[in-house]
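Working notes, beginning with the structure itself.
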Amino acid sequence: MNSAYHRHVAFPSGLGTSTSRQLHSMVPMVLVPVGSTEQHGPHLPLDTDTRIAAAVAGTVVEQFGAPADRDAVVAPPVAYGASGEHEGFPGTVSIGTAALELLLVEYGRSASKWTSRIVFVNGHGGNVEALAAAVALLRYEGRDAGWVPCSVPDADAHAGHTETSVLLHISPDDVLTDELVCGNTAPLAELMPRMRSGGVAAVSELGILGDPTTATAAEGERIFAEMVNGCADRIKRWQPDRNGLLT
């Protein structure tokens, strides 16, 4: 056995920048951001959901600090999800629910060999079905897994006030403010019948469901803090439902 391999090495918060040696004597909880690569109107980047999930996960770990009983680390994000409703727009890459579910299951099975807990931090609503099925299976197999949504009450649906405000807070240089226009602001329940058959393009030519013209960085800071606090509280309580959603 190489004794040098067991030297204590400071543990960074990012899995992607860690080394195997740094992980060797630890059994951390790993937070895995799960996002998407999909259109977000003419003003937001394709990786908006991934950025939000990664930023929330990273801030949650910073809030946790370094508790004596558990280290926490943020994994590189899963940047592709179930985004079929956005495939009418260039740039969208959807792997679908079945592929995402399989990816998450195999991810959890592998990571559980060296982690204490796995938390998927979800930034895209289209991923929920895959997350629920995958985490339920992981838990059935005896793995300590859960998932949390980056959600807030009264949020609009897509690329509107909510997401644009958050991006103005976490990635202001990547919001094309001169492209801000109001999208379809009808209730989502009213739009769903047409979206099921024709996707988002059937109800919004620009791919916006909501009104980004009202977005502000200050509002984004408030919404982001609410997302972070909500996820952190769920993780601290650790009360998964039958689908692994932390409540």
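Here, residue 1 is simply the first one shown, and the rest follow in order.
Cβ atoms are placed via backbone N, Cα and C, with glycine included.
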Of His24, His124, which does Swiss-Prot put in the divalent metal cation 1 site with Glu38, Asp49?
His124
Swiss-Prot records Asp49, Glu163 as divalent metal cation 2-binding residues. Which of His40, His86 is assigned to the same site?
His40
In angstrom units, rounded to an integer, how far apart are the Cα atoms of His40 (divalent metal cation 2 binding site) and Asp49 (divalent metal cation 1 binding site)?
9
Glu163 (divalent metal cation 2 binding site): nearby binding-site residues from Glu38, Asp49, His124, Cα cut-off 10 Å:
Asp49
What is the Cβ neighbour count of His124 (divalent metal cation 1 binding site) at a 10 Å cut-off, with all protein chains included?
26
